[in-house]
Amino acid sequence: MAKTSMIVKQSRTPKFRVRAHNRCKICGRPHAYMRKFGMCRICFRNLAYKGEIPGVTKASW
């Protein structure tokens, strides 16, 4: 879980656009961010297993 101070700091619009970093919308994690879904890989995996992300299914072959 990300620090609350970092999440609050990130929610404000930065003075310069380059300073903005992507964070997971669920847990606030800055690493392993998936831009298409707006969340980190861990939250993506949990929601995909539960079937809460439309169009995403577990691969089997």
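Glycine is treated like the rest: Cβ placed from N, Cα and C.
Residues or ranges marked as Zn(2+) binding site in Swiss-Prot: Cys24, Cys27, Cys40, Cys43.
DSSP assigns Cys40 (Zn(2+) binding site) to a strand segment in the three-state reduction. A C-beta separation below 8 Å, combined with a sequence spacing of at least six in one chain, links Cys43 (Zn(2+) binding site) to Cys24, Ile26, Cys27, Arg29. Within the same chain, residues at least six positions away from Cys40 (Zn(2+) binding site) with a Cβ under 8 Å of its Cβ are Cys24, Ile26, Cys27, Arg29, His31, Ala32, Tyr33, Met34.
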